[in-house]
Amino acid sequence: MDNTKEKDNFKDDLLLRMGLNDNKAGMEGLDKEKINKIIMEATKGSRFYGNELKKEKQVNQRIENMMQQKAQITSQQLRKAQLQVDKFAMELERNRNLNNTIVHVDMDAFYAAVEMRDNPELKDKPIAVGSMSMLATSNYHARRFGVRAAMPGFIAKRLCPQLIIVPPNFDKYRAVSKEVKEILAEYDPNFMAMSLDEAYLNITQHLQERQDWPEDKRRYFIKMGNYLKIDTPRQEANELTEYERSISPLLFEDSPPDLQPQGSPFQLNSEEQNNPQIAQNSVVFGTSAEEVVKEIRFRIEQKTTLTASAGIAPNTMLAKVCSDKNKPNGQYQILPSRSAVMDFIKDLPIRKVSGIGKVTEKMLMALGIVTCTELYQQRALLSLLFSETSWHYFLHIALGLGSTDLARDGERKSMSVERTFSEISKTEEQYSLCQELCAELAHDLQKEGLKGRTVTIKLKNVNFEVKTRASTVPAAISTAEEIFAIAKELLRTEVNVGSPHPLRLRLMGVRMSTFSSEDDRKHQQRSIIGFLQAGNQALSSTGDSLDKTDKTELAKPLEMSHKKSFFDKKRSERISNCQDTSRCKTAGQQALQILEPSQALKKLSESFETSENSNDCQTFICPVCFREQEGVSLEAFNEHVDECLDGPSTSENSKISCYSHASSADIGQKEDVHPSIPLCEKRGHENGEITLVDGVDLTGTEDRSLKAARMDTLENNRSKEECPDIPDKSCPISLENETISTLSRQDSVQPCTDEVVTGRALVCPVCNLEQETSDLTLFNIHVDICLNKGIIQELRNSEGNSVKQPKESSRSTDRLQKASGRTKRPGTKTKSSTLKKTKPRDPRHTLDGFFK
């Protein structure tokens, strides 16, 4: 007896799950028992039936667990939960918002209506759009037989043998939907479209503006015949009765026959008014929310010849329910007051609310909850049996609360495409379908400008078992080829798992998620080009920041200083110092105000670098002088590098003197120490000869730019005029002839192939000195020499010792002995000086000139 009762209960539950859901417009008053019997007979024994049985058992198990949990709840727990829920309900009541007017517009049987419009023969026949596998929608004639959306076509044929199933044409549906949305945008530019046939609008602002509109702006004319709409308003041509003015001629079935139009609404000009062939009438809409919605529906019907239903309420949840209240071709409004809202909610079935499906409905029915009033009465129990998100949503429904913000919640998290089809078991067809889905997904991603890293495939086999497989890649992707490469591997894995049995699918989908954000892009690996661009940006940003005295602007380059390289920061400081100097010469007192922030900037950047340094003693090689610094801390090494970088521009004379004394000490103080060379003599030495010193001292010479190399003759003449006692001499370079000839050939070809950079100073990345040239070829040669100056120095030293010089006058001998002393490497004791050849008058560039 008990087993029979259990079977009957299970059968009833299965009917509730698989039977007809009549909570849809146009399906009231049907013989559900007869319809459910046909549905059960058509599905029994099928895979779908078996899958529904399995799901029903799972739901029954959930209900059993819930009832066991309910039995263990004590009265004390229930009272505590009651206080908690009531407190939350009071908070919700305080935040209730009744100031917005939300409208939900829903087209009536949209797909079917478009097909009937384009094919008038289908107008009075039961039709559905879809296939024998699944229906997308049905018209109201078919709904009287129990045919509805989301029903297999073969079952619908059992319910209505004369049903006509029309294949869908989504391009046509999208075109009509675009026309409807153009009308909706005039009332709320920020309306939220939920699908092709429904949308939410907030007309609160429109209602405020509408109060001041004249009657002509709210008048729409109905014109018989195929004429276009003209924007110029006018007075109505014929007098209408009060009843005719109060209704929309196309919205209601009881409209007078003479007001049924065949064309579109328009506003006449004076010429068309006098045309006797034009029969016209007009409708003036009011300023209330209900009148606005009538106007919207009127315009939609006039433009598309399709009808729409609408709901008007203080929030989206109620507006959605109201739009289904008077379907088709109707509207319903809930006044913006708490009493009106609660009166509407009081007897509303819970299944009518969007978000409560058949599973939730069955679980609530097990607790004796059918209406929203009962939902509120059991609020404490629901808080103990359901998750926090669920019972919060239930309480919102029971109080008639919903969203008033039409903006979507947060950013898009994923994007997907999927397709249902008849059984596919061939691997080639599955790969081909997967490639089509990937191409469609890539197109959607590119339209939105999105890239993602996680690709997921969804597979449903013929037994209605759903599997999802995902793979995440390091870099964001968006192209069809990249997506398909990952999806194909995931699909191949599933094919191999079931081998040798084929993978029999009836649904496939591809999803992209983990979209890359701006923050993710900032942490990508830097390239060489990006590094060079960052250096150029650092120079420009430093120059711009010095033009502003605001402390907040000066702090911006400091925030980025830790991201620059060491040489970038030094180069920026050098340019800023040059800019400060030029401003002092031209702007006077104003330059002082700019100089102080630049000094503060330099001090702050130096202190920032010092704070990051470690005190551990290590061995470093100076990137400027290439000397090895042993047993020094990083801070001391940085100070050494600063001295090397700042040396040529700040303390050159003292360094030359220091080098002179140091070289004298290296030979055991056997020669007299001569005073430092005067400025005129120094210029002669720098332009007419290269003083050979240690490899470090090569960076101490003042003029190492390419200007000296390109203007050797001019500088030599200038030296002679200033100091006639300095002979015109050049340092011998006894390198191989091939090297010299190569340089000469390069020099001769340069005028034809050089690239010139204008508007930007070239700074050598090795010696960190600004080169006064715009010739990139000469600049590259200078950089090559700086990089290989160690090898060049060794060659010069080895060749210089083998050349002998004749003795000159006493004054010249003393000077040459001093130069020879600096030329000798440590440990050499010979006092013989090298003979210096006279510099040729040929203006070609030499290695000696480039080295300067």
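Cβ from N, Cα, C; glycine included.
Keep in mind that what you see is a predicted model, and the values were worked out from it rather than measured.
Looking up the ranges 141-171, 761-791 in Swiss-Prot, the one annotated as zinc finger turns out to be 761-791. Note: the Cα of CYS786 (Zn(2+) 2 binding site) and the Cα of ASP106 (Mg(2+) binding site) are spaced 77 Å from each other. Counting only the Cα atoms, the space from CYS764 (Zn(2+) 2 binding site) to ASP197 (Mg(2+) binding site) is about 66 angstrom. Annotated pair HIS782 (Zn(2+) 2 binding site) and ASP197 (Mg(2+) binding site), C-alpha to C-alpha distance, rounded: 71 Å. Each residue contributes its Cα atom, and for ASP197 (Mg(2+) binding site) and CYS767 (Zn(2+) 2 binding site) these two points are 70 Å apart. Around CYS786 (Zn(2+) 2 binding site), a 10 Å sphere centred on its CB holds 21 further CB atoms from the protein chains shown. Under a cutoff of 8 A between CB atoms, and with a sequence separation of 6+ in the same chain, the neighbours of ASP106 (Mg(2+) binding site) are ASP197, GLU198, ALA308, SER309, ALA310, GLY311, SER323, ASP324, LYS327.
Candidate binding-site residues: CYS764, CYS767. Fewest other C-beta atoms within 10 angstroms, CYS764.
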